[in-house]
Each structure stands twice: as C-alpha cells, then as structure tokens.
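Here's the structure, in structure tokens; my notes come after.
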Amino acid sequence: MGEQSPDGGRKTAKATGAAERKAAPAKKPAPAKKAASASDAASAEKAAAARKAATAKKAATAKKAATAKKAATAKKAASVKKAASAKKATPAKKAAPVKKAPAAKKVAVAPKKATARVEGTPPAKAVVHPPGGESRTALVRRARRINRELAEVYPYAHPELDFDNPFQLVVATVLSAQTTDLRVNQTTPALFAKYPTPEDLAAADPEEVEEILRPTGFFRAKTKSVIGLSKALVEEFGGEVPGRLEDLVKLPGVGRKTAFVVLGNAFGRPGITVDTHFQRLVRRWQWTAETDPDKIEAAVGALFPKSDWTDLSHHVIWHGRRICHARKPACGACPIAPLCPAYGEGETDPEKARKLLKYEKGGFPGQRLRPPQAYLDAGGKPAPPLGAG
Ligand code: SF4
C-alpha cells in the first residue's frame, strides 16, 4: 500500500495515470493485436484453404455424384432400351411358332425318309388312293362294271368321224377341235374330194382350203395345221401317217389326244382319248381327281387292261354326248346311275330326264337301254350297285 494526501492522492493518481499512460505503450497491445491478426489471418487462411478444399472436395464429390448419376441414368436408359428391344423382339419370338406352322408340310414330306429305300432293295411302289375313301379294289371293280354297262348300251360305239384311211382320220381329228363331229363329217367330203392325198393338201392354195373349212370354225388356224401336217407327212414320212405316238405328236396340230384317236382307230393300238367328255365323266365317277389330261390318261389307264382302252374311250365319250351332259346330265334316264357317285347332279325325274337325251348320227340304241326305273329303287333312289363293293 502507498502514502496518501489530499493532493498527493490526486497527484499520485495523476502521476499514476500518466505513468500508466506513458507505460501504456509498454504493454504493446498492437503487437498483441497484430499477433492476434496474424493468427486470425493464418486461421482465416487455413479456414479459406479448408473451405477451398472443402469446396473442391464438395465439387469433386458433386462431380463424381453427377458422373455416377449420369452413368446410372445412361445405364438405366440402356437397360430400358434393352428391355424395350427385348420386349419388341418377344412378339417375333412368339410369332415364330405360327410361322413354323408350314413346318407341318415338311413333316408331311418326312415319309420320304421313312420310306427311303435301303440300298439294294427295289423302290416302293406309290400307292394311289382313289378319292372318296373307296378302296382301290372297289374302285377298279366299279369302273370296270361301268364300262361293261356302257358297252351294252353303246355296242356300236366308234369314233364318230368319217374316214377311209389314216390320213383322213388324222385330218378329221384335227378339224374336230372346238366343233362337233357331225359338222366335221359334213365338211370333209369336199376337202378329201379335192385333196385326196397328203401331197395334194401339202400343195394346196391356203385360201381355197380356208373356204372349205370355214364351217368348222377357227378355219385359218385349222387350214395352217392340215397343210402343215400334210407337208410334214410328205417330207418326213414319205407321205404316210406314222404309227408311233412319238412321231404323231411332232405333226403340226397333233397332240396326244389326236394321236391316240389315230393309233387306236387306224392302227388298232390301244389308247385312251381324253377329250372334254372323258374328263368330265371320269371326275363325276370319281375314277380320278386329276385335271391334267396326261395324268387323267395315266390314272384311268391303270384301272383297265390295255386292250380295253380304245373301246372304253368310245363308251365314255358316247355317254357324255348322249346322257351325261355337261350342264344337264339326264340322271333319271342313266343306265349307270346305281354306280355313279354324282347321281342327282342332273335331272332325276325319269320323264324329264328322257327329254334331255340327245340323239346324234349313229342313232341311240334305245332297244338296249333298260327303262330308267330299272336303275332306281322303290323310293326313286339309285338301286345298290350290282356286285359293287
Ligand atoms: S347318274 Fe347322272 S351324273 Fe352319273 S353318269 Fe348318269 S347322268 Fe352322269
């Protein structure tokens, strides 16, 4: 403790204050502040650095996150796209079995494998099933029965074209296309009177021949054919009609049908004539379902012995011309109704059916035709086929 006086106290106090004020700089608060500022600055710097680092870290994190997010989005998008593609592809996969449906056909072809013959064994014969579920044996029996019935009804069946030799028959057959045999028979006498041999017809003036053939229709084309075939006969066959199918079909205007007519009727060689009547009737009788003439010829030929072929052709064609017409078959007057699967396709009333019968040159052998009722049962339906089964 110090000495006190009224003035001295103030003086001391003054002195002390002054001393203190003087001494104040000694305290050097500034350096302290400075130190504090330096420290603060350091801290601030540190903080700034930290902030900067934090910011950088944050930015990096954000960037990383953004990248990850972007990648995730891209991945997701890719997955969605992939899923969509997969989904799109699914129907195609589903449709595949539908497309595979025709594979059944391939399976149908499979028997080839099953029937593939073993080396050294003979090939298996193709079995041709008759239409309508009828057995092959029953079909053969029914077909032959029809031919026998028709042979009784048309005992004089023959080619309805008039001819005296093979040359006249081949010319007349060519002319019979698209017209009736009757019309041809009315035309050929004048033709053969003027041009009796292949040499004569080969040298004929086409315009004169055309005038003679005009009534048969298609007379220009027919003139060309008969003059052409006459020239071929003179130049290649010495003026004679060849007796072989392969030679005949080379002649202008001569196809297989004409060739078989010539072979069967001028040379006595069996042949089936597949004309429009023949095609229609054998399909009605379900002898074959073929529509191509060559295939019909083969299918029907397989049902009969070769020796029957020529007469069979006449019987069928005669029946087609007289009773089993294309538009109005006279079923009620048909002698083979009990054997015909197409019975009822035409008029079944006997009286009305009789009015549909056609009589041409050669007459209708009515005395041999049994009354239509004989072919029907009590109820007016076809009687059961005799011996068929
Ligand atoms: S029953 Fe009728 S469809 Fe059958 S052959 Fe006779 S006319 Fe032709």
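Cβ coordinates come from backbone N, Cα and C, glycine included.
So that you can see what the record holds, here are the features copied from TrEMBL:
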BINDING   Cys324, Cys331, Cys334, Cys340  [4Fe-4S] cluster binding site
COMPBIAS  26-113  compositional bias 'Low complexity'
DOMAIN    175-322  domain 'HhH-GPD'
REGION    1-133  region 'Disordered'
REGION    362-389  region 'Disordered'
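Everything TrEMBL records as a feature, shown here on the structure.
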residue: Cys324; record: [4Fe-4S] cluster binding site; DSSP (3 states): coil
residue: Cys331; record: [4Fe-4S] cluster binding site; DSSP (3 states): helix
residue: Cys340; record: [4Fe-4S] cluster binding site; DSSP (3 states): coil
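Of all the binding-site residues listed (Cys324, Cys331, Cys334, Cys340), Cys334 sits in the most crowded Cβ setting, with the most other Cβ atoms within 10 Å. Excluding Cys324, Cys331, Cys334, Cys340, which define the [4Fe-4S] cluster site, the same chain contributes Arg284, Ile323, Pro329, Ala330, Ile336, Ala337, Ala342, Tyr343, Glu345, Gly346 within 8 Å (Cβ to the Cβ centroid), listed in sequence order.
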